[in-house]
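As structure tokens, the structure follows; a few thoughts come after it.
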Amino acid sequence: MTGCIGVVVVEDHELLADGLCFLIEQDLGWRVLARVVNGLDVYRACVVHRPALLLLDLGLPGMDGVDVIRQCAQRWPDLRIVVNSASDDSERARQSLEAGAAAYVLKSSPRGTLIHASYQVIRGERFVDPAVFGGMHDPASARHVPRPCAFEMPERLLTLRERQVLKLVAEGQRNRDIAQLLSISVKTVETHRLNMMRKLDAHNVADIVNWAHRLRMML
């Protein structure tokens, strides 16, 4: 890949976003095309700006970071996605890699780690922070460590829309607010909500919030 690399930065903490933009433009010499603070806005930003690289946090309002990765990776297979996360949870990292991320870097790591990871993915390679997976450097190996059976993982039964509704309900959004955020009807939101609750055997908002935490959608 040649020429100036365009990057979309997804980070809801302003100071961290400022630091990432400085690193991209000053240390890497690339160009920040857009800054996004909400998971629901990432797809649209990629449609408008067509970045070569997407640098994102996982703990986003509006839409879970792993779902953002999956949505963008399916739409743009050549888009290079780098996760910059505060979470050293190996399962969360594994989910990101399986969804389509090319790199997973901890926010607590030196800035040189993120710089190195960014160069790696632009060259078509992959990178996992050595602090994740007990120092395992090979992301391919990380993706193939045995996982629990499907019946132990009810999130696998949820559609992307149901996961979006789950997160938004857990964040305290009402059905009509969710409908506006997702550009769908209130009736459709109600249908997704009922289906999601049925699959998770959730009976009230408290159960939904609990599931959002269990599925690592909430910090």
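Glycine is no exception: its Cβ is also placed from the backbone N, Cα and C atoms.
Feature annotations, courtesy of TrEMBL:
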DOMAIN    6-122  domain 'Response regulatory'
MOD_RES   D57  4-aspartylphosphate
DOMAIN    154-216  domain 'HTH luxR-type'
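For the domain 'Response regulatory' (6-122), the model's average pLDDT works out to 95. Note: the domain 'HTH luxR-type' (154-216) comprises 48 helix, 0 strand, 15 coil (DSSP; helix = H, G, I, strand = E, B). Remark: the residue listed as '4-aspartylphosphate' has V10, E11, D12, H13, L16, G65, V83, N84, S85, A86 as non-local neighbours, by Cβ distance under 8 Å and separation of at least 6 in sequence. Across the range of the domain 'Response regulatory' (6-122), the DSSP-based residue counts are 58 helix, 25 strand, 34 coil.
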